[in-house]
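Working notes, structure below.
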Amino acid sequence: MTDCWYIPEAVADRRDENRLSPNVPASYEVLGEAGIFYRHFDSEEVNDNIEGFIQPLLKKLNYQSYDVVNLSPANLGAEKFETLAEQHFMEHIHEDDEVRLILEGQGYFDVRDINDKWIRLLLKPGDCIVVPAGMYHRFTTDQSKCIKTLRIFKEAPQWIALNRGPEAEEKPARKEYLARLHAPAETAVGAVNGRTIFSLRYPLKLDAELTVITKRLLEQHSKQPLALAIYLTGSTDPTTGESWCPDCVLAKLHVARRFAELQGTYGKEHAIFLQLPVERASYLGNPNFFYRTHPILQLASVPTLLVLSPAKDAKEGGDVQWYDLLDVKVRTCDVDRTDVLNLE
């Protein structure tokens, strides 16, 4: 997407940007935490050609059917256009994922974050978004009042909206969505437990959060050897249920095996696993992505596995970071063939 930002609960003109003052930007990581999936296709390749573009796209995304919707007063007539515009801007959920690819024009999707705050997403040609079933959202064109969209469906094309209220809250799709939001995050080695398995979603918060975790772990394990495995992998693509990164899908089993080896050597309570999900839209084509430029992570490609152990003679202090307390012993993109136990 071109941009995303928080907006107030009430807006005067839905077709304006309606940014907060000062502006509060959102991020792909915030959207990913709420279940939103985003991908951008080359706008020069995006079109409504059935055999040349749409059918191959459906196969790639594992969907079965589609339709093309052209929303504008010129196409629908002013009265019908405004009626649909009002309907689309009512906060609602669907019982199926809502998958949209912008072909022409532009518009705004408003979605609720995990704290029930509105985030506005500006979508332009080539932008594809998956709004998960059960998530409250709404849509509007911008002031151009013109957008052409490819709608993608698992089965027959349909658009059934359940406006926010008691009925929507009781739908299985809504309950399942909320359950997923509050469920422990899954990693390559099992569910996050806050003790030996962790997952940190936000790159810019990594150092602060991992420093707290590291200091606590070193205090708890002061009399026992400790190994920390950090696994950087592509985040989950909801259209497949797997990582968007094919190599990460293949590496998942090998990562689990290597971590089991660490557990066998250090003990299950002294082998620690941290998964860092990498959002496709933040990472691809971005040389300044935080994990790429981080002094320790130095991410060159995903997947990447690092194994660290406590640094000798490390001294804790108020401004000491996690990477001052740990030494990198193993760094690999080829998990299957790497010895993770050689930490000397």
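The backbone N, Cα and C atoms fix where each Cβ goes, glycine too.
Over in Swiss-Prot, the protein carries these features:
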BINDING   His92, His94, Glu98, His137  Fe(2+) binding site
BINDING   His92, His94, Glu98, His137  Ni(2+) binding site
Q. Tell me, how many other CB atoms lie within 10 A of the CB of His92 (Fe(2+) binding site), whichever protein chain they belong to?
A. 20
Q | Shell of the Ni(2+) site beyond His92, His94, Glu98, His137, same chain only (C-beta within 8 angstroms of their C-beta centre) | A | Ile93, Val131, Met135, Tyr136, Arg138, Ala161
Q. Of His94, His137, which of the binding-site residues has the most Cβ neighbours inside 10 Å?
A. His137
Q: Quick one: give me the count of other CB atoms within 10 A of the CB of Glu98 (Fe(2+) binding site).
A: 21
Q: Provide the three-state secondary structure of His94 (Fe(2+) binding site) computed with DSSP.
A: coil
Q: Could you tell me which three-state DSSP class His137 (Fe(2+) binding site) falls into?
A: strand
